[in-house]
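Inspection log for the structure reproduced underneath, given as structure tokens.
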Amino acid sequence: MIILGVDPGLTRCGVGVIEAGAYRRLSFIHVDVVRSDPKTSQDLRLLAIYNGLVEKIERFAPDAVSIERVFAQENRNTVLGTAQAAGLAMLAAAQRGIPVALHTPTESKLAITGNGKAEKIQMERMVARILGLNTLPKPADAADALAIAICHALRPAGALQGGEREQHLTAAQRQWAQASQKAARRQGVRRGM
């Protein structure tokens, strides 16, 4: 399975591509940063990011696209640009019928290091170790994109979009999801919802 990970950003959008083989064996394929010029207008910046993402998707033909979930940041302009870039990645994948998954930074840290509060350097070292890289992936956006792809390989059920979730779950994950749904329904009945 080829997984394309995206660390969304309006100035720098990290893209990492890995292959998940049998027995969770992960292999490095590609890492890059799609850039836009902060001096140009917003629409042209978005177009540059979109075109770069489309080029990567068409070049590597991933089976899944995994995107870092946008969360609130103090700088409103930063979160807006990040959300727009994430939307472009979702659009580019959806137009090609590729399943999209969203993973939080905490999920990614937990899947890769076992610690949801791992420092960036710990993440970079583990990404390099997992993928057998001799050097740490740089810049940080590139390392984060690889981390998101690895997270999806290790935790494929993470917030899949477009109703594709069930086909990517293991039997145990399906049973857990069904039990969780039943428990939620029972709680809803007890609360009179």
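Even glycines carry a Cβ here, placed using N, Cα and C.
Swiss-Prot has this to say about the protein:
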| type | residues | note |
| --- | --- | --- |
| ACT_SITE | D7 | active site |
| BINDING | D7, D141 | Mg(2+) 1 binding site |
| ACT_SITE | E68 | active site |
| BINDING | E68 | Mg(2+) 2 binding site |
| ACT_SITE | D141 | active site |
In all the protein chains shown, the tally of other Cβ atoms within 10 Å of the Cβ of D141 (Mg(2+) 1 binding site) is 24
If you run the three-state DSSP split on D7 (active site), which class comes out?
strand
Neighbour count, 10 Å Cβ-Cβ cut-off, for E68 (active site): what number do you get?
26
As a whole number of Å, the Cα atom of E68 (active site) is distant from the Cα atom of D7 (active site) by 6
Between D141 (Mg(2+) 1 binding site) and D7 (active site), how many Å separate their Cα atoms?
6
Cβ neighbour count within 10 Å of D7 (active site)
29
